[in-house]
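S.K.: I have a structure I would like to understand better, so I am pasting it below and will then ask my questions one at a time.
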Amino acid sequence: MGKSLSHLPLHSSKEDAYDGVTSENMRNGLVNSEVHNEDGRNGDVSQFPYVEFTGRDSVTCPTCQGTGRIPRGQENQLVALIPYSDQRLRPRRTKLYVMASVFVCLLLSGLAVFFLFPRSIDVKYIGVKSAYVSYDVQKRTIYLNITNTLNITNNNYYSVEVENITAQVQFSKTVIGKARLNNITIIGPLDMKQIDYTVPTVIAEEMSYMYDFCTLISIKVHNIVLMMQVTVTTTYFGHSEQISQERYQYVDCGRNTTYQLGQSEYLNVLQPQQ
């Protein structure tokens, strides 16, 4: 810290002595100023000392690429200053990562739209599967239990639920039977199920004249034309959809009959509603 000062030589004259004193004072002033500045620097160093730590009590400094070390346990207390031009502040392939992220998002969105986009649910009325006939002779009434068959096709990539099937049968513009089935089944993705439903019908009262026709022995086949109406309600993702169809169908009211599905026994008068 301190500096050693050399002894000044004695001067022979007053002028030389004066000059010597002046020079000595100036030199002392410079020395004191230098000492003061040096003390100030030492004070700064004492406040912010630079210490190099080595050994087991230090870890590699993450901001100086391994050239310096900081005490272990102080990683969360020290702050490192990194130049703005440091390459670590400019990650490589940023554009590539952004483009890849955008591409992945678009791909996932496209797949979600493709698989979740609602597609049609096809309902095909196959025909009458069977008809069981009974009579009430006193009331001249005909009872027909008609079993029909539907094919329901799910064209979606997710399951749909057949919530209910509502059916009715008309004869000569008069409703002679109704039926409703609830909570039918669940159809898987791209799957098809065949569903049978039975509609009990009654031909009586103002149509009692049909009793004579249906019980006439001289006729082997007692076909009557009935209009079959069916509405299928399906649900998926909280959305309900109804598909309706109407068909005219021949039914034998003179005997119990089982029909071969696929062989045309009905008249396709009305097209299914789209």
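Cβ coordinates come from backbone N, Cα and C, glycine included.
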S.K.: According to Swiss-Prot, which of these ranges is region 'Disordered': 1-20, 61-80, 161-180?
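M.R.: Here Swiss-Prot associates region 'Disordered' with the stretch 1-20.
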S.K.: So CYS253 is in a disulfide according to Swiss-Prot. Which of these is its partner: CYS105, CYS214?
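M.R.: That record, Swiss-Prot, gives the partner as CYS214.
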S.K.: Check the candidates SER33, SER46, SER159 against Swiss-Prot and report the one noted as phosphoserine.
M.R.: SER33
S.K.: Where else in the chain does the transmembrane segment (97-117) make close Cβ contacts, counting only residues six or more beyond its ends and a cut-off under 8 Å?
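M.R.: Residues packing against the transmembrane segment (97-117) from afar: 157-158.
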